[in-house]
Amino acid sequence: MGLLKERLFRLKSANADPLETRLRRCLTTTDITLLGVGHMIGAGIYVLTGSVVRNSTGPSIVVSFTLAGIASLLSALCYAEFGARFPKAGSAYTYAYIGVGELWAFIIGWNIILEHMLGAAAVARSWSGYLDSLLGNAMRNSTFINMAHFDASFFADYPDLIAFAVVVAVAIFVALGSKTSTNFNSIFTLINMIVIVFVVCYGFTFADFSLWSGRDEETGQPKFMPFGLNGLLAGAASCFFAYIGFDGLATAGEEASDPSRAIPLATFVSMSIVTAAYILMSAALTLMVPFREVNPTAAFSDAFASRGAEWAKYVVAVGALSGMTTSLVGSMFALPRCVYAMAEDGLLFKTFAQISDNTQVPLNAVVVFGAATSIIALLFDIETLVEFLSIGTLLAYTIVSACVIVLRYRPTSSEGGITEGNGGRIRNWVPGQSWLSVPCPGAMVTWSVFLMIIGDSGVSVIFATGYARTMAGAIGSALFALVSLASFVMICLHHQNKAPVSFKVGVFDDHW
């Protein structure tokens, strides 16, 4: 039993040379920044914005995107710290292996693989559907007439050959090498950014600031925040998923020329660009047309058409297709590298860790998982795919953030395995050291992080389900909040380690 526990929770060594790799270190800060921008901004801005404005926030979506951007930046900076400290291809998988052990790393690793596979397949389906809508559903109708369609509820209505072909094409570019695939991504990202600048600048020429001021005649609510604070916060939760993709930046760490500088800088710059783009695009939309007239599925095209600029829908279409292409490239770029990292550690078949001599990419992982992704895109619809994405993504973000704290308080060790410094030990001035100290430095911090997650989750569940309005719910939320606060205080009562790091997120230093 002890041997099983040791194997399930053994940690990956953090003392090996972080720059040693069999992959090619050829990516610049600009390459990684554009990879992050392309992966995050995708087509969500063209699709998500209209739905959130119409149903949740109204013009206050600009505040929702700001709040979501701040929350995403905090999580992204945790990835940046790990990416600068351990520039390996596995991203959250590798960080979990170093921080909390093999079992959690295995779970997170498969979460990431499924996230990228399902995300890529969903984007490919959206790409195909968007192009087909511009062609009057000609491809869909042709497939129904000339081929069989599916009646099973878990399949799409018809096999999407275009989505299949798009995934295969992107996988080929990824197989040609990291520099080739990032150059391909950069071209389409720049096209998308040009379209975004056009939409913002041209959209503001139609701006009517009376749509943001005064009160709504029907509801009496402020025009800027017609759904109130609850709608604004609900919109922020929806907008958070528009930022998914920043974890792909850390995946490129093993191929970055200077990861200790490139990963943190690319993370901050890409998050800033994406947040600014979301805020400006949503502001332009809500200043062009009243929020009740926004089309949830074609917000910008319809907004320009209502202002007599119907031709602009073709410009928007170019941006949307470019955005979906870069989002697909981001997922397909990260997918084989996560597989490679797990295979190299022995948690997947070793064949997936083989590197091509010509392109220095994990070619077997690209081929096998690219083929699996293309089949998923061929057979399943978007709704079925998206349902599986959210929980796994949030779990990975939570584990990485927790691992940053755990690693900060883990004692450093020399090459001979001797513990050095006070890292993870209780501070000298804290009373009751005899019962607060534990034989293994850092263990109390790990348990405190675990309890803090439980406390925060408990409060969130109570408020999300509406039980906070009841007496039992109020007491429960207070108890969970107390557990979370006590755990946070317990963490602060310990010394951080003094390991030198090139980038460190947060404002609290170990000077007490």
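One is the number of the first residue shown, and numbering goes on along the chain from there.
Using the three backbone atoms N, Cα and C, a Cβ is placed for every residue, glycine included.
Here TrEMBL flags 32-49 (among others) as transmembrane segment. Within its own chain, the transmembrane segment (32-49) is flanked in space by residues 61, 123, 126-127, 130, 182, 185-186, 188-190, 192-193, 196, 238-239, 241-246, 248-249, 252, 256, 262-263, 265-267, 269-271, 273-274, 277-278, 281-282, 285, 297, 299-300, 316, 319-321, 323-324, 326-327, 329-331, 333-334, which lie at least six positions past its ends and keep a Cβ under 8 Å from the stretch.
Taken from TrEMBL, the feature transmembrane segment applies to 61-80 (among others).
Tertiary neighbourhood of the transmembrane segment (92-113): same-chain residues 7-12, 14, 79, 82, 86, 247, 250, 334-335, 338-339, 341-342, 345, 347, 369, 392-393, 395-397, 399-400, 402-404, 406-407, 446, selected by CB-CB distance under 8 Å and a gap of 6+ residues from either end. Feature annotation from TrEMBL assigns transmembrane segment to 92-113 (among others).
The transmembrane segment feature in TrEMBL is assigned to 161-178 (among others). Proximity of distant same-chain residues to the transmembrane segment (161-178), defined by a Cβ-Cβ separation under 8 Å and at least 6 residues beyond the stretch ends, is recorded for 23-24, 26-27, 120-121, 124-125, 127-128, 131-132, 139, 143, 184, 252, 255, 325, 328-329, 332-333, 336, 356, 359-361, 363, 366-367, 370-371, 373-375, 377-378.
Counting only same-chain residues 6+ beyond the ends of the transmembrane segment (190-212), those with a CB under 8 A from a CB of the stretch are 34, 37-38, 41, 45, 59, 223-224, 273, 277, 280-281, 284-291, 300, 303-304, 307, 309, 312, 315-316, 318-319, 322-323, 326. The transmembrane segment annotation in TrEMBL covers 190-212 (among others).
Under the heading transmembrane segment, TrEMBL lists 224-244 (among others). If you look at the transmembrane segment (224-244), the same-chain residues 6 or more away from its ends with a CB under 8 A from one of its CBs are 40, 44-45, 48, 51-52, 56-61, 63-65, 67-69, 71-72, 76, 119, 212-213, 216, 271, 274-275, 278, 291, 390, 393.
As annotated by TrEMBL, transmembrane segment applies to 265-291 (among others).
Within the same chain, residues 35-47, 89-91, 93, 109, 112-113, 116-117, 119-120, 123-124, 126-127, 130-131, 134, 166-167, 170-171, 173-174, 178, 181-182, 184-185, 188-189, 191-192, 194-196, 198-199, 202, 245, 247-248, 251-252, 254, 298, 300-301, 304-305, 348, 352-353, 355, 361-362, 365-366, 369-370, 373 sit at least 6 positions outside the transmembrane segment (311-340) and bring their C-beta atoms closer than 8 Å to a C-beta of that stretch. Sequence annotations record features per position, and here TrEMBL assigns transmembrane segment to 311-340 (among others).
What TrEMBL records for 361-382 (among others) is transmembrane segment.
For 388-407 (among others), the entry in TrEMBL reads transmembrane segment.
Annotation comment: TrEMBL describes 435-454 (among others) as transmembrane segment.
Marked as transmembrane segment by TrEMBL: 474-493 (among others).
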Per Cβ pairs under 8 Å, the stretch of 61-80, 265-291, 361-382, 474-493 packing most closely against the transmembrane segment (388-407): 61-80
